[in-house]
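Copied from TrEMBL, the annotated features are:
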REGION    1-20  region 'Disordered'
REGION    1-123  region 'Domain I, interacts with DnaA modulators'
COMPBIAS  1-17  compositional bias 'Basic and acidic residues'
REGION    115-153  region 'Disordered'
COMPBIAS  142-151  compositional bias 'Polar residues'
REGION    182-398  region 'Domain III, AAA+ region'
DOMAIN    215-349  domain 'AAA+ ATPase'
BINDING   GLY226, GLY228, LYS229, THR230  ATP binding site
REGION    399-527  region 'Domain IV, binds dsDNA'
DOMAIN    426-495  domain 'Chromosomal replication initiator DnaA C-terminal'
Amino acid sequence: MLGQAEKSRTRDRKSALPERAVSDALESEIRDALIERVGETKFGLWFGEGVRLGVSGDGGSVDVQVPNAYFRDWIKGNFARSLAESVKAVTGRSLPLNFSIQDEAPPFRDVEIVPERSEPGEPRPGNTVVVPIPGKPRPRVGSTSPSSSRLPVQGFPNRLAAIAAPGSAPAAPAAPAPGPGTARVMRRLDDFVVGPSTQMAFAAAREMVKTAGRAFNPLVIHGGVGLGKTHLLEAITQGLRHAHPGLNIIHVTAESFTNGFLEAMRTSSLAGFRSRHRGASALVVDDVHFLAAKRATQDEFLHTFNALIERGVPIVLSSDQHPRKIAKLTDELATRFLGGMVIKLDAPDLETRRAILKSKAASRGVNVPAAVIDYIAEHVRTSVRELEGALHCVLAQASLTGKAVTMTIAHAALRETIRNTSQVVALRDVEKAVCSFFQVEGDGLKSDSRVRTLAYPRMVAMYLARKHTGVSYSEIGRFFGGRNHSTVMSAEKKVVGWLKDDAKNPLLPGFENVVDILADLESTLGK
């Protein structure tokens, strides 16, 4: 803490500064005090990008601006005390914390395309595209920013060496780029397009490479199909290999792990299977939801997981759902997955979709007019994979006809794609999405039951139906069990109230709030 004399000198210095300079100076001092309490790693992950700290104009509170609700809830739950102590150390007063979510990102205009490098001083084809994040200054062209930091990352060579199991054979150093017929080259963090919807996941991936699991372990990234989970897992594996060559880093899909386990049981070679996986220096598993309903494989994976965690081995997992929502995943595994960092990947927003398309076009050396980029970005919204597919269709159409890429070519190439993505959502689509999310079986939403586990999802379904189907209150009521229009209106009003209050989900305490649930469901509906 600052002594009285130091506080006095600080106040004297600030009194001679303009108001903005005083605000910046206070924020800097609060940040320094916070680093001392939480450490540089946690500070960099949670207070580095898009978070502003400062004393309010009347001096009666501390304003904490965060980029989204996820940041707000995590900082409130994990760092509020440290933040309050840091403020008191700098100002000499105990001030309340006022959290606010930045309403909107700064204008997105020119997206930087910065040449990437695989090694210092060594050029490599490709691009790093950085979409500005709320509250984050735009880096200069060619500069190194947190969102475009280069791999390899150095600094923890002894960490992974220390956690390699005695007697385990290290993997061979990363091979050169494969030729025809061999496995494709894994993607890198430098190739990942960073936007508001992917900022947290990207920062966590970078931190995992940097600290090899010291900041949090495991790292679980979940989200829908085609949003970049596999890209991030490959990038983490590549980052660890570049930073720590020669180590035994195992990167598998959950299906591959399952097949290997079953084959080991069939051939009585379980000892070798276990030695290989439990002797890893890092374990990266894609599509871990594949383990659902496979009890024997889950038990085997649990023992492997426990053995690695006990030795401090970094573990990275991806799933299409939050661990708590994976049907028929044992509580033992779900609980352990939640013991580290769980981050959701959301569908990219409009500006990020534009940046992705520009990046893909640049990597192919093709000039795509801005109007075509906008047309694709505005109509293909659900996943990065579909964006890439749409761009591929447009470029293929131009190539086959021997013409330049124009709006006419784009319209012709994407006529069916855009017609399908523009279809109106049906009531049955809403019912299916809500039942899947809340794991409601059969006609549960249409039943007369008023138990909370059915009434709550039913209200959410009615709200979404009213918002996205264009169907009347009466018709929605008839669909959901012959209810009258006033019931639907009441349900809609209830959900709107939850949204206003940023209410927590009463069915899954501590898992998600209503805003997150609706965002997830609307993403499923393609909205």
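We number each residue from 1, going along the chain as drawn.
The backbone N, Cα and C atoms fix where each Cβ goes, glycine too.
Working note on the binding-site residues GLY226, GLY228: by count of other C-beta atoms within 10 Å of each C-beta, GLY228 ranks first. DSSP assigns GLY228 (ATP binding site) to coil in the three-state reduction, placing it in neither a helix nor a strand. Within the set of binding-site residues (LYS229, THR230), the lowest number of other Cβ atoms found within 10 Å of a Cβ is recorded at THR230.
Confidence annotation: the region 'Domain III, AAA+ region' (182-398) carries a mean pLDDT of 90 in the model. The ATP site, placed at the center of the C-beta atoms of GLY226, GLY228, LYS229, THR230, has further neighbours from the same chain whose C-beta lies within 8 angstroms: GLY223, VAL225, LEU227, HIS231, LEU232, SER318, LEU345, VAL384, ARG385.
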